[in-house]
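S.K.: Before I ask anything, let me first share the structure, which is written out below as structure tokens.
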Amino acid sequence: MSASESEIQARLLAQALPYMQRYENKTIVVKYGGHAMGNPELGRAFASDIALLKQSGVNPIVVHGGGPQIGAMLNKMGIESKFEGGLRVTDEKTVEIVEMVLAGSINKEIVALINQTGEWAIGLCGKDGNMVFAEKARKTIKDPDSNIERILDLGFVGEVVEVDRTLLDLLARSEMIPVIAPVAPGRDGHTYNINADTFAGAIAGALNATRLLFLTDVPGVLDKQGNLIKELSVAQAHALIADGTISGGMIPKVETCMEAIKAGVQGVVILNGKTAHSVLLEIFTERGAGTLIVP
């Protein structure tokens with residue numbers, strides 16, 4: 001290693017120290033999804049980031065999605081994917097496959113990646129320890145021609161109605177890193193598939209997490225000139241939605257961030273999961289790596 005490389009590493013470590021102290025014993029929930037999940041190199045970088053958070057005294061919790069993998073498995077089994085208003089319809093046969101892919105295949109892949117770093121990860125879903133209960137999601141869509149709202153029947157797509165933090169509190173006091181799939185039971189005995197973003201927000205809110213990070217395929221919230229906005233208050237976010245700066249698929253993402261803050265999360269970050277080590281850059285550097293939304 002050259003002298004210049006040593007100096008750069010020393011500066012980075014010096015910059016990280018106060019942030020390590022700030023986040024010691026704090027809970028950070030990371031929603032892992034998007035392009036990063038399909039890239040082995042980015043997957044290994046993500047796992048090492050989570051391991052380093054744990055080694056630095058942080059309590060990291062991973063929540064993951066898996067929409068593309070679910071679609072691929074349904075195609076493989078000859079089951080047509082149905083969508084209503086852009087949302088997957090989950091019938092009884094589909095929800096079994098969703099649970100198999102999310103809580104089985106994907107969850108264990110992430111657990112294995114983190115375990116390969118030398119840390120201990122444990123795979124869970126909302127069913128474990130009665131951690132999460134859900135109910136059937138109530139979604140409506142407005143007809144653009146008649147302006148009349150109609151109710152969407154999405155089958156076994158759910159919304160979180162209750163989070164019991166007992167198991168997560170036990171794990172926080174251990175060496176374990178929870179990796180959670182967004183599948184949960186209802187009081188009616190059915191299994192529900194839950195949007196991973198809202199599931200992560202519910203977990204983070206119940207734990208009063210210091211940070212909730214959403215790893216996406218975009219750098220964060222951009223202004224009208226395409227520049228990254230580093231920080232927004234909830235009021236500013238509402239204003240940017242109203243004036244069209246925040247539009248399209250970013251609107252539900254930002255709305256989920258604001259709901260999480262309302263539930264008790266201290267700050268929510270939208271950042272680019274396609275950037276290697278974006279989690280560490282966000283948490284342990286002054287510049288951060290995405291858009292921070294605060295109360």
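We count from 1, first residue shown onward.
Just so you know, glycine gets a Cβ as well, placed from its N, Cα and C.
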S.K.: Of the residues ARG44, ARG88, ARG165, only one is listed by Swiss-Prot in the substrate site with GLY66, GLY67, ASN193. Which is it?
M.R.: ARG88
S.K.: Round to the nearest Å and give the CA-to-CA distance linking LYS253 (site 'Transition state stabilizer') with LYS31 (site 'Transition state stabilizer').
M.R.: 12
S.K.: Of GLY66, GLY67, ARG88, which is closest to LYS31 (site 'Transition state stabilizer') if I measure between C-alpha atoms? They're all binding-site residues.
M.R.: GLY66
S.K.: Suppose we draw a 10 Å sphere around the Cβ of ASN193 (substrate binding site). How many other Cβ atoms does it contain, all chains included?
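M.R.: Summing over all protein chains shown, ASN193 (substrate binding site) has 26 other Cβ atoms within 10 Å.
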